[in-house]
Amino acid sequence: MYSDNDSSESTDRPLKIHPTRDSRSTFRASTSRYGICENQRIVSIEHITMATMTVTETHKRRKLPKDLKLPPENERYMRACADIASALIQDYEAQADGSKAKKDLNLNRLRGEVSKKHYLKSQPPLTAIIAAVPEHYKKYILPKLIAKPIRTSSGIAVVAVMCKPHRCPHIAYTGNICVYCPGGPDSDFEYSTQSYTGYEPTSMRAIRARYDPYEQARGRVDQIKSLGHSVDKVEYIIMGGTFMSLPESYRDEFISQLHNALSGYQTKDVDEAVAAGEMSNIKCVGITIETRPDYCLDQHLSSMLRYGCTRLEIGVQSLYEDVARDTNRGHTVAAVAKTFCLSKDAGFKVVSHMMPDLPNVGMERDLDQFVEYFSNPDFRTDGLKIYPTLVIRGTGLYELWRTGRYKNYTPNALIDIVARILALVPPWTRIYRVQRDIPMPLVTSGVENGNLRELALARMKDFGTSCRDVRTREVGINEVKHKIRPDQVELVRRDYTANGGWETFLAYEDPKQDILIALLRLRQCSKEHTFRPELTGQPTSLVRELHVYGSAVPVHARDPKKFQHQGYGTLLMEEAERIAREEHGSSKISVISGVGVRSYYAKLGYWLDGPYMSKTLEPLWEREW
């Protein structure tokens, strides 16, 4: 056995992060089509790793018995993984034949005991244990081993990638970037993309891959799979700056490589890549692109439809014209409203980014703008990311803060206002995030808690309010976090006007427990802003989203204990067709579909109609009864 050795305790202090230009390392990177130039400065991976760790040892040295001879450490790790896998299999078989009560092993305790048995310095990682489980046992054992089960609890695996660093396009006509924006080629974080620091997990993966889209996508998919998750359904999020402002040739190549990473093909252009993606075993169920209102015009929307994009994340930040001007946004609030309408009339799901705590606003005005956001039909997006303002060194806001002209809300006040904002959210809106993913040591002033959403939800209980957004009510998240499942499921319909059109939100829910299983967004488009020829030739209704929640289930698999592939999607589509025909008076219904799910709609009688899947609706008097 090991014995403690007090003399080995480290007195080193944790490292502090000061990412200045002098702390950057320079290396010669080969020139590539992804924008990595020779002699370009880059944050070294070692620097990134050390900046987010401490050098303090977490374990003490332990002495081995003198007469004990151990095999090599890697062999001991392999034996430990095999022992853990064997124990899990024995436990499963004992439960299956009824010789043991259905109570799972304590995995952490098991890993600790086996590590001690084999004299390991650290416990074997879950990825290694998963690899040690025989293939025919994996479907039984994996649910006990999945790391971060919340990652695929919404039914899909989200893969975030970043495009190459580039300057913000509105510099050309405003002279500078937004006052709060870090990152970009001209910042202290010079190798990061605009609005990111290079220290976020997605940024670090992108830097390691030198912003190669194929390497980013393939590496992330493999990583998620190694953690025990299903990767049959993947949704991409393209982050970093304004992707649609980059040259068309770069954008086409980037999108092609994302599709190729899933299909395994090497294609000559984006159209061929999309066609190959339709037949891929790993389905691309959607692509999300971050953009700005001035890069969401007709031509940009048409290009994104061609790529297989289904959702837009549009930076708004504030609904006040004076705040947009003072923070150097480079667009008006009126342009935001027009963009929302154009995007929805093209079929996109729309998510906006909003920033409470901006300069010259205050809590009362902040709350008023969110009341306006959810009540005014000119806004009312499908989703929202709430990003409380952060002061980061190197930004214009940092100078305002340093000279005393700007001060953030106190932590308690910030929790209060986020709680009050969440209480305003209607049940058809999804709150995707409540704070940025920027590491706390890089934040000079602003959010001080990494669990702001949880703190805000707890504060809502004190206020006697509740959050009813889509994410809070999702069945998968409720199963993982609260261990509750729906009992009585029924169809719920909600209608509202937004962005010049009539929206119908259909959902299968358990109203008593307020749990959401599946949803569909149906739109009767505005006549003024609908520009796609597929949607203007005859009265056409548009399905903008169909989503069944719950833990991800492989495409051709069935699991009666889960909610995907149980027919909820088909039932929602049938109801949408009825509403389109009988209430909208439409003779055609179209769906904005991810490239990998077009075959699903084809089975329901839909055909490829440009970037959409469409179906002709029979008039009532022609239907056979």
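Each Cβ is built from the backbone N, Cα and C atoms, and glycine gets one as well.
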Point to revise | Same-site [4Fe-4S] cluster binder from CYS163, CYS168, given that TrEMBL records CYS178, CYS181 | key: CYS168
Study note, to complete from the structure: Same-chain residues at least 6 positions away from CYS178 ([4Fe-4S] cluster binding site) with a Cβ under 8 Å from its Cβ, in sequence order, are CYS168, GLN317, THR327, ASN328, ARG329, GLY330, GLY396
Check your understanding: With every protein chain in view, how many other Cβ atoms are within 10 Å of the Cβ of CYS168 ([4Fe-4S] cluster binding site)?
Key -> 23
Practice item. Taking the Cβ of CYS181 ([4Fe-4S] cluster binding site) as the reference point, list residues of the same chain whose Cβ is under 8 angstroms away and which are at least six residues distant in sequence. Key: CYS168, GLN194, SER195, THR395
Study note, to complete from the structure: Same-chain, non-site residues whose Cβ lies within 8 A of the CYS168, CYS178, CYS181 Cβ center for [4Fe-4S] cluster are HIS170, ILE177, VAL179, TYR180, GLY184, GLN194, SER195, ASN328
